[in-house]
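Working notes, structure below.
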Amino acid sequence: MHGGVCVACKHNTEGPNCDQCVAGYTRNPLVPMGSAYACRDCRCHPIGSTANKPCDRKTGQCPCKPGVTGQACNRCQEGYKQTRLSEQPCIKGICFHFGV
């Protein structure tokens with residue numbers, strides 16, 4: 001601490017008092033902020049989440065692509081089906097009806 005400002009924050013923290021998690025990390029409420037485990041990696045799904053956008057530092061919610069849900073953006077929303085396309089991993093479900 002130098003003049004009220006932390007120098008060289010540790011354990012993926014930042015801010016004047018090293019009391020915030022850096023981008024891409026979220027607060028672990030189960031341990032004190034000074035702990036090495038206070039900030040944990042968000043682990044956003046590489047296909048389901050929006051590239052180059054970090055998770056919410058407070059909630060850990062990753063920014064999901066359209067049709068994708070879950071904190072890590074790892075599953076399709078209800079009514080959506082999984083595809084093999086990385087740019088559109090989930091699409092609105094389509095039903096086919098045969099006959100009259």
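Every residue gets a Cβ built from N, Cα and C, even glycine.
Note that the structure is predicted; figures quoted are calculated from it, not measured.
Sequence-distant contacts of the domain 'Laminin EGF-like' (1-41) (same chain, six or more residues past either end, CB-CB distance under 8 Å): 54-60. Sequence annotations record features per position, and here TrEMBL assigns domain 'Laminin EGF-like' to 1-41 (among others).
TrEMBL lists C9-C18 (among others) with the feature disulfide bond. Packing around C18 (disulfide bond) is summarised by its Cβ count: 18 other Cβ atoms lie within 10 angstroms of its Cβ, all protein chains included.
Residues annotated as domain 'Laminin EGF-like' in TrEMBL: 42-92 (among others). Taken together, the residues of the domain 'Laminin EGF-like' (42-92) have an average pLDDT of 94.
On its own chain, C73 (disulfide bond) has C44, H45, G48, S49, T50, C62, P63, C64, K65 as residues at least 6 apart in sequence with a Cβ closer than 8 Å to its own Cβ. Annotation comment: TrEMBL describes C64-C73 (among others) as disulfide bond.
Here TrEMBL flags C76-C90 (among others) as disulfide bond. In the three-state DSSP scheme, C76 (disulfide bond) falls into the strand class.
Looking at C90 (disulfide bond) and C9 (disulfide bond), their Cα atoms lie 39 Å from each other. If you measure from the Cα atom of C18 (disulfide bond) to that of C76 (disulfide bond), you get 36 Å. Residue pair C76 (disulfide bond) / C9 (disulfide bond) shows a Cα separation of 37 Å. For C9 (disulfide bond), the same-chain residues 6+ apart in sequence whose C-beta sits under 8 angstroms from its C-beta are G15, C18.
All protein chains included, C90 (disulfide bond) registers 23 other Cβ atoms within 10 Å of its own Cβ.
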